[in-house]
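Novice: Before I ask anything, here is the structure I am working with.
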Amino acid sequence: MQNHTRVMLRGAMELPGDKSISHRAVMLGSIAGGRTEIQGFLPGEDCLSTIRCFRAMGTKITQEGTRVTVQGMGLHGLKAPSAPLDCGNSGTTMRLLSGILAAQSFSSVLTGDSSLRTRPMGRIMRPLREMGAEIQSLAGSDTAPLRISGGRLSGIHYLSPVASAQLKSAVLLAGLYADSPSSVTEPSLSRDHSERMLRHFGAKLHSSTDSEGRPVTTIEPAEALHAAQISVPGDLSSAAYFIAAALLLPGSELRINKVGVNPTRSGILEVAEAMGGSIEVLSHTDHDAEPTADLLIRASRLHGTEIGGALIPRLIDELPVIAAMACQAEGRTVIRDAAELKLKESNRIRVMTEELQKLGAAVTETTDGMIIEGGHPLHGASIASHKDHRIAMSFAVLSLIADGPVHISDPDCVNISMPDFYERLRSVCR
Ligand code: S3P
């Protein structure tokens, strides 16, 4: 094991608001009637892209730091944008917004940055076309820019090939406008923030399982949604970097307050525990239908584990930092069933494997994951973040452990989900 006695993490902190919930609050607020007030909004670049897109369709949104007010336009009040809607780096903005645009009586174009324009959009184009929308890739394949000509939609029962909350949410949002109920069956349950928030705004949804035990989510068409007050919990995906650092750095004891622990997102806590990590879940509360807790993390001796199956969608965004953690645990960690990781802001299987190897870690890429032999000492190196926020933050954690400097390219990409990440990390380092 590495001698990493230089720093430890101590103190108490809160983290910025949950990214997935912040996006949804602005989207549902925009198509609801009345004034939605959001507290704890994440002012990261992805969520600001969502605000920008809705402003371009006439929604009045005021944003001062973490407080956002949305003057809802009603289900049918959005206006045709005068230019392409720029979703920046945000897959959630593009895929969820497509569901809403599929039902509007105008056409629109959705575009994004060079990373987003390589990500697969066929997965949302197929069900939305089946519902009656016209969607075309202007790039000529299944990637953005997309032109969407919306209109009257029919309900569908869609058997999704992947456990993707973005795909499920696109269909549920379009389903609000359809002429009959719509459902999505998933191979295993993806994050359910849309379902929780849609109910909070007055939509009717039900959850069941099919004869093969797969989760089915059904939405009924809505006459209207009603404005709501939303208090966004801290983002567990952002907490994951601090959890990993506190577990790995001897002497650490860190409290993270008011963080979201929705069970469809909390796989990281189970994996950390399975690796021997000490995380106490304190003062559990339910806030606006989203469970929240304070976490107390203590440095622990970690060992390897196996991660796959239905656990994967519950920690998909945490896999880079889990891989980082695993290379300092004792023994082997196997990550499988995670081919979706290749389709994120970067190919996170390839990038994590190559960049961890540069630090001296023993990692092998597989077709749907990684095999990590833990316990190898880490040295300094220059790391390519590929402008992927979760890669940059994972290596910032390892920079506290490596015995030489770790240089990370495009470090500002953390602004996507946690603009003051480095300051926050420094503030709890002792
Ligand atoms: C998200 C869903 C997940 C996740 C992404 C946010 C969401 O993507 O990786 O960061 O807010 O719905 P997929 O739906 O592609 O799995």
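Just so it is clear, glycine is given a Cβ too, placed from its N, Cα and C backbone atoms.
Features from TrEMBL:
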- Asp317: active site, proton acceptor (ACT_SITE)
- Lys19, Gly91, Arg119, Gln166, Arg348, Arg390: phosphoenolpyruvate binding site (BINDING)
- Lys19, Ser20, Arg24, Ser164, Gln166, Asp317, Lys344: 3-phosphoshikimate binding site (BINDING)
- 8-425: domain 'Enolpyruvate transferase' (DOMAIN)
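For each listed feature, how buried is it and what is near it?
Specialist: Neighbour count (other Cβ atoms within 10 Å of the Cβ, all protein chains): 25 for Asp317 (active site, proton acceptor).
Neighbour list (Arg119 (phosphoenolpyruvate binding site), Cβ cut-off 8 Å, at least 6 residues apart, same chain): Gly91, Thr143, Ala144, Leu343, Lys344. In the three-state DSSP scheme, Arg119 (phosphoenolpyruvate binding site) falls into the coil class.
Lys344 (3-phosphoshikimate binding site) carries neither a helix nor a strand DSSP state and counts as coil.
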Novice: Check the recorded positions Ser20, Arg24, Ser164, Gln166, Asp317, Arg390 for any whose Cβ is under 6 angstroms from an atom of ligand 1, and report them in sequence order.
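Specialist: Ser20, Ser164, Gln166, Asp317, by Cβ distance under 6 Å.
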Novice: Which has the fewest other Cβ atoms within 10 Å: Lys19, Arg24, Lys344, Arg348, Arg390, the binding-site residues listed?
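Specialist: Each of the binding-site residues Lys19, Arg24, Lys344, Arg348, Arg390 was scored by Cβ atoms within 10 Å; lowest is Lys344.
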Novice: Can you give me the Cα-Cα distance between Ser164 (3-phosphoshikimate binding site) and Lys19 (phosphoenolpyruvate binding site) in Å, rounded to a whole number?
Specialist: 16
Novice: Restricting the comparison to the recorded positions Ser20, Arg24, Asp317, which residue's C-alpha is spatially nearest the C-alpha of Arg348 (phosphoenolpyruvate binding site)?
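Specialist: Considering only the listed recorded positions, the nearest one is Asp317.
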Novice: In whole Å, note down how far the CA of Arg24 (3-phosphoshikimate binding site) lies from the CA of Gln166 (phosphoenolpyruvate binding site).
Specialist: 11
